[in-house]
Amino acid sequence: MTEEKTNSKEKMTIIDLIKLQLIWYLTNFLIIFCQNYIQFELPYFNDLYQIIFKVIGRSFFISFLLYWTTIYNLSFEELGIKFKNFLEDFEIGLEFSLFLLLGIIIINLSISEKIIHPLVKISNLTELTLSLFYFGIVVISYLIPAFSKELLYRGLLFYYFKDKLGAKLGFIVSNLYYVVSYLDLRPGSIIIHLLVGIITTYLYYKTESLIASTIFQTIYQASLIVYLFSFSNWPF
């Protein structure tokens with residue numbers, strides 16, 4: 001009876017993954033469309049509006065992904081949604097992220113505003129304190145968007161490729177897929193996306209949880225917004 005149940009369990013196919021990717025693109029298109037064509041007179045309100053709309057859009061996508069998993073009888077634990085070692089996984093993600101954050105702050109201090117367009121350009125202790133305040137707000141705001149990305153690319157796509165190809169080859173293929181899915185062939189963007197993909201996939205594989213990779217993805221996105229490109233000058 002158990003064997004029959006296992007055999008009858010429907011498996012995801014590459015076509016299913018393509019469908020998910022297209023829905024991801026559609027969600028992002030709607031977010032970008034509203035950000036570009038619905039503007040307000042107050043700049044800071046525009047930034048807040050962009051965050052809120054992204055959170056709402058990605059929340060709907062997460063709901064769809066979780067519904068999708070029920071079709072294939074995938075448990076939340078199989079996807080990495082588990083909190084058994086929450087504090088330990090959180091700490092691992094934070095440790096990896098702090099090196100990234102420190103490096104980006106150093107870039108903010110070293111490069112002029114003609115090259116970067118940060119929310120806060122640090123030139124003294126007061127501006128550093130202000131930047132950390134903004135950073136905390138953006139981190140909280142980007143937890144849901146970052147989780148949606150990790151759930152798709154690590155929880156589902158890496159899970160699929162690892163199941164089909166094994167851990168090592170699945171690791172390589174899933175990261176190549178992650179880079180290609182951005183549809184950005186500039187060398188700098190390819191290198192950045194590849195590095196982020198490798199780190200987040202490693203964190204997911206090491207902890208068997210999405211917590212560490214989500215923390216890293218959140219801090220990565222928040223640090224780029226606050227210290228390098230703000231909301232409207234994101235180059236990739």
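Just so you know, glycine gets a Cβ as well, placed from its N, Cα and C.
Taken from TrEMBL as is:
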- 135-221: domain 'CAAX prenyl protease 2/Lysostaphin resistance protein A-like' (DOMAIN)
- 20-39: transmembrane segment (TRANSMEM)
- 51-71: transmembrane segment (TRANSMEM)
- 92-111: transmembrane segment (TRANSMEM)
- 131-153: transmembrane segment (TRANSMEM)
- 165-183: transmembrane segment (TRANSMEM)
- 189-205: transmembrane segment (TRANSMEM)
- 210-230: transmembrane segment (TRANSMEM)
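Between the transmembrane segment (210-230) and the transmembrane segment (51-71) there are fewer than 3 Cβ pairs closer than 8 Å, counting only residues 6 or more apart in sequence, so the two stretches are not in contact. Sequence-distant neighbours of the transmembrane segment (92-111) (same chain, 6+ residues past either end, Cβ-Cβ under 8 Å): 118, 121-122, 128, 131, 199, 203, 206-207, 211-216, 219-220, 223-224, 227-228. The domain 'CAAX prenyl protease 2/Lysostaphin resistance protein A-like' (135-221): residue composition by secondary structure is 76 helix, 0 strand, 11 coil, according to DSSP.
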